[in-house]
Amino acid sequence: MTIIRKKHPLIKIINHSFIDLPAPSNISSWWNFGSLLGLCLIIQILTGLFLAMHYTSDTATAFSSVTHICRDVNYGWLIRYVHANGASMFFICLFLHVGRGIYYGSYNMIETWNMGIILLFAVMATAFMGYVLPWGQMSFWGATVITNLLSAIPYIGTTLVEWIWGGFSVDKATLTRFFAFHFIMPFIITALVLVHLLFLHETGSNNPSGLNSDADKIPFHPYYTIKDFLGALLLLMALMILVLFFPDILGDPDNYTPANPLNTPPHIKPGWYFLFVYAILRSIPNKLGGVLALILSILVLALMTFLHTSKQRGLTFRPITQTMYWILVSDLLILTWIGGQPVEYPFIIIGKVASIAYFTIIVILMPIAGMIENNILDLD
């Protein structure tokens with residue numbers, strides 16, 4: 001068996017990636033989220049495949065086909081809710097994975113980090129298109145509002161929006177193409193994940209100390225396979241509790257009303273995982289400015305590599321930057337809350353302050369804190 005594992009052209013790639021891979025001996029549970037994201041992706045592809053067997057991407061029948069899945073298909077309700085809540089678990093793991101990367105300075109592995117940002121954009125685009133497919137009220141109006149943002153692009157904006165819509169409004173053509181893209185994107189994401197792993201294995205994993213761990217490596221199997229298995233078990237437990245006891249807690253009640261272009265819901269909002277970027281978008285009165293802020297709220301992560309001023313890699317021994325980091329986390333929670341609130345006082349001003357704070361902490365305060373810590377610790 002060992003000979004096949006190490007000699008077979010296909011199996012040896014798996015062996016070098018998941019079995020004999022040298023891994024740091026001190027990586028904590030925060031390093032579990034990579035494998036959990038892989039598990040989430042597999043769950044989403046499998047449940048999505050079975051949903052696609054019964055779903056019809058036509059404005060006349062899309063809503064009723066989802067109803068049919070829940071009522072008439074064997075365990076259709078389970079597949080549907082695992083897929084819907086699986087997306088939420090996917091984003092929870094994604095945010096924790098990115099948060100871990102920021103805390104421990106993983107952004108210094110430039111290729112892996114930038115690939116991760118591309119993956120984040122790809123997953124967000126996929127989730128947005130998936131949110132449109134049930135063709136409920138929030139699906140329709142969410143699609144209308146978000147695609148309309150592209151009209152802010154000078155000269156080509158309006159033409160671009162109508163090209164994406166396939167007409168003069170969100171209609172049958174839009175739904176059909178969104179379904180096609182939503183189906184193909186997870187496979188593109190899988191390919192990007194492999195590139196992400198390829199770049200990661202070029203440098204090796206980071207670790208909580210932020211130091212080079214070449215002198216103290218252990219094989220990935222059995223140590224981290226067992227650890228990842230425990231993480232997977234906990235994730236599946238959390239997902240099943242969500243699916244079986246609170247299936248609609250993260251959804252929107254408006255999406256149980258069929259899409260009606262003549263009736264606008266009182267508060268149009270996307271899925272909870274987009275609320276922080278939605279709050280940043282709404283906090284700028286200018287349409288183009290809002291769109292740019294929305295894109296920059298994710299792209300700013302790519303700047304972190306160049307804004308790193310500290311002589312230490314992670315935040316483990318950097319109390320000032322640590323404080324900034326946890327203020328940033330709190331700020332993101334505030335933005336998520338504001339994104340779900342109506343556009344009125346005092347939410348407008350809170351959103352503006354939180355949006356300014358978000359960019360200020362990342363671009364200005366954290367680099368300054370790094371320089372101060374260098375001086376305090378005399379690391380110049």
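From the backbone N, Cα and C atoms, a Cβ is placed for every residue, glycine too.
Listed features, source Swiss-Prot:
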TRANSMEM  33-53  transmembrane segment
TRANSMEM  77-98  transmembrane segment
BINDING   H83, H182  heme b b562 binding site
BINDING   H97, H196  heme b b566 binding site
TRANSMEM  113-133  transmembrane segment
TRANSMEM  178-198  transmembrane segment
BINDING   H201  ubiquinone binding site
TRANSMEM  226-246  transmembrane segment
TRANSMEM  288-308  transmembrane segment
TRANSMEM  320-340  transmembrane segment
TRANSMEM  347-367  transmembrane segment
Checklist entry - Do we see three or more Cβ pairs under 8 Å linking the transmembrane segment (288-308) and the transmembrane segment (347-367), pairs being at least 6 apart in sequence? => result yes
Closest by Cα to the residue listed as 'ubiquinone binding site', out of the binding-site residues H83, H97, H182, is H97
Taking the transmembrane segment (77-98) as reference, the highest number of CB pairs under 8 angstroms among 178-198, 226-246, 347-367 goes to 226-246
If you count CB pairs under 8 A between the transmembrane segment (320-340) and each of 33-53, 113-133, 347-367, the winner is 347-367
Rounded Cα distance, in Å, between H182 (heme b b562 binding site) and H196 (heme b b566 binding site) is 21
Rounded Cα distance, in Å, between H83 (heme b b562 binding site) and H97 (heme b b566 binding site) is 20
Least crowded of the binding-site residues H97, H201, counting other Cβ atoms within 10 Å of each Cβ, is H201
H83 (heme b b562 binding site) -> DSSP, reduced to three states, gives helix
Note: in the chain of H196 (heme b b566 binding site), residues six or more apart in sequence with C-beta under 8 angstroms of its C-beta are T112, M115, G116, L119
